[in-house]
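Colleague: This is the structure I have questions about; it appears just below.
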Amino acid sequence: MREFLTYSKEVEEGMAAGKAIVALESTIISHGMPYPQNVEMARKVEQIIRDNGAVPATIAIMDGKIKIGLSEEELETLGTSKNARKTSRRDLAYVVASKEIGATTVASTMICAELAGIKVFVTGGIGGVHRGAEETMDISADLEELASTNVAVVCAGVKSILDIGLTLEYLETKGVPVVGFQTDKFPAFYTATSEFDSNFRLDEPIQVARMLKVKWDLGLIGGAIIANPIPAEDSLAEEYIDSIITTALNEATENGVKGKDVTPFLLGKVKELTEGKSLESNIALVYNNATVGAKIAVELNNL
Ligand code: PSU
Ligand code: MN
């Protein structure tokens, strides 16, 4: 894989020293948040991971290489680029071969993390089964990746721009464990709970690390979702965010938004309609996930 992967100095040194590494995605930077909040968020999330004893590896594609860890300059390039391509599994080969700038989704970040030997990945929210998927067949490639790639994804659950129930059904079919971190409930991104339960509750990072180790030692292929609820002080009121999401979904339909543009469109709309409150919540929950993800990575690395 030497031909395709390049490591930042920090990641290379961290790996040589046997430290825990935490992968971070880049679609959240290029398509999930506006500049400059995106780059500020990306820097701070990396620092939180360092502060908790692990090494951050933000993943993106540049110059025909899969970059495992970005320099300050590369992060800025990604955060300001108008033509970074949202890169999921299907796009990965094209973006590497064409030397475009590629922002990795949850799916492709998992692929790249696995290639680099990284077991834990922190993000905000994952893709899932979209509302109305029985008609549109819009199901994120993130779910298929969770079924087949051995990386744990720490997130704040699934947004109700998606069909949360169907997303959980899909994950059940594919054998992906959904762990509630310090909660019985399955969190819904902007809110700490939803009407659905997680499969299991674990309260300590060491317990999560043990479960992951057993899973992979048993040869049970695929990832896991570690669902970490948004802190109460950063969460949004359920009825408020639900009505905003309904408006955003209607606008997406009216505008004929399709394919890979759906999720970024909805995120942008929700931000606009909440006058930025959704962005603040989004950033806060990523920080919270970084703390938990780094602790899990450190425990797993010790096992
Ligand atoms: N959810 C968010 N922010 C994001 C995404 C999802 O709250 O930035 C991004 C992630 O990169 C995720 C992708 O992998 O959107 C899913 O896109 P799609 O639904 O097109 O698979
Ligand atoms: Mn989709």
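Each Cβ is built from the backbone N, Cα and C atoms, and glycine gets one as well.
Okay, so TrEMBL annotates it like this:
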type	residues	note
ACT_SITE	E25	active site, proton donor
BINDING	K86, V106, S140, A141, D142	substrate binding site
BINDING	D138	Mn(2+) binding site
ACT_SITE	K159	active site, nucleophile
Colleague: Given the residue listed as 'active site, proton donor' and S140 (substrate binding site), what distance in Å do their CA atoms have, once rounded to a whole number?
Modeller: 15
Colleague: Given the binding-site residues V106, A141, which one has the fewest other C-beta atoms within 10 angstroms of its C-beta?
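Modeller: Selected from the binding-site residues V106, A141 on minimum Cβ neighbours within 10 Å: A141.
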Colleague: Including all protein chains shown, what's the count of other C-beta atoms within 10 A of the C-beta of E25 (active site, proton donor)?
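Modeller: By my count, 28.
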Colleague: Neighbours of the substrate site K86, V106, S140, A141, D142: Cβ within 8 Å of the Cβ centroid, same chain, sequence order.
Modeller: T27, S88, R89, T105, A107, S108, I126, G127, E145, T263
Colleague: What whole-number Å value do you get for the CA-CA distance of A141 (substrate binding site) and K159 (active site, nucleophile)?
Modeller: 16
Colleague: Filtering E25, K86, D138 (recorded positions) by proximity to ligand 1: which pass a Cβ cutoff of under 6 Å to any of its atoms?
Modeller: E25
Colleague: Does any of K86, S140, A141, K159 have a Cβ within less than 6 Å of an atom of ligand 2? These are the recorded positions; tell me which, or none.
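Modeller: Those recorded positions that pass the cut-off, since their Cβ is under 6 Å from ligand 2, are S140.
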Colleague: Neighbour count, 10 Å Cβ-Cβ cut-off, for the residue listed as 'active site, nucleophile': what number do you get?
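Modeller: That number is 26.
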Colleague: With Cβ-Cβ distance below 8 Å and at least 6 positions apart along the chain, what are the contacts of K86 (substrate binding site)? List them in sequence order.
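Modeller: Spatial neighbours, sequence-distant, of K86 (substrate binding site): T27, S30, H31, A103, T105, K260, P264.
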Colleague: In this structure, which of the binding-site residues D138, D142 has the fewest other Cβ atoms within 10 Å of its Cβ?
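Modeller: Among the binding-site residues D138, D142, the sparsest Cβ neighbourhood within 10 Å belongs to D138.
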Colleague: Show which residues of the chain containing S140 (substrate binding site), separated from it by at least 6 in sequence, have their CB under 8 Å from its CB.
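Modeller: Looking at Cβ-Cβ distances below 8 Å from S140 (substrate binding site), excluding near sequence neighbours, one finds T105, V106, A107, I126, G127, G128, V129, H130, T263.
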